[in-house]
């Protein structure tokens, strides 16, 4: 029995709005596709990867930003967007790997909680591949991946009719100063970090994508096919 296939859709630096539009197109495509009875090896969805082109603050289904806070953040030169993902407020910007898996979980044999755990496992494995052996996932409300009391990877997903969207944001060389203007994910008393901060060298998004993709394939037990491959 062939493993399910996931389409790899990789962009470089793109505006956050472009990622959301791409995500919406894939959501519509999956929603119109046959259900879990699809044949062995059929596509389970897409893995959208990019780096944000500019600073963006986002809020989740639980809110996280008042109108006054939104105005203050926009005055800093950042975009502010409400999204349909879980969680509260966070920051996205250059130097960050954004990974949005748009997947039919039924074709992967996963439930929502195991999908979140799989995303965490991918980020942990990536950190370990860079020599950061202390990376770990924590129980809610501390969803994400942590190095001590500092979060290196935020996770917030949405799932409707077994189809996921949104995903993870991993700080590679992100300017962490942007996080100082909010309470990231509503967690008081915790900090944020990046791979560059921990390794004391500049780590690019392009550098971490190959080990991340390897971790994704092995964790999700799928194959990855390039965007321009035939169906």
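Note that Cβ sites are derived from N, Cα and C of the backbone, with glycine treated the same way.
Annotated features, as they stand in TrEMBL:
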ACT_SITE  185  active site, acyl-thioester intermediate
BINDING   85, 86, 87, 88, 89, 90, 91, 92, 154, 155, 156, 167, 168, 169  substrate binding site
DOMAIN    41-224  domain 'BPL/LPL catalytic'
SITE      151  site 'Lowers pKa of active site Cys'
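Structural mapping of features recorded in TrEMBL.
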residue : record                                   : Cβ within 10 Å
85      : substrate binding site                   : 20
87      : substrate binding site                   : 25
89      : substrate binding site                   : 24
91      : substrate binding site                   : 26
151     : site 'Lowers pKa of active site Cys'     : 25
154     : substrate binding site                   : 24
156     : substrate binding site                   : 24
168     : substrate binding site                   : 24
185     : active site, acyl-thioester intermediate : 22
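The shortest Cα-Cα distance from residue 185 (active site, acyl-thioester intermediate) to any of the recorded positions (87, 151, 168) is found for 87.
Site extent for substrate: among the recorded binding residues 85, 86, 87, 88, 89, 90, 91, 92, 154, 155, 156, 167, 168, 169, the largest C-alpha separation is 15 Å. With respect to their backbone Cα atoms, residue 91 (substrate binding site) and residue 151 (site 'Lowers pKa of active site Cys') stand 12 Å from each other. Restricting the average to the domain 'BPL/LPL catalytic' (41-224) gives a pLDDT of 94. Across the structure, residue 87 (substrate binding site) and residue 151 (site 'Lowers pKa of active site Cys') are spaced 14 Å apart at their Cα atoms.
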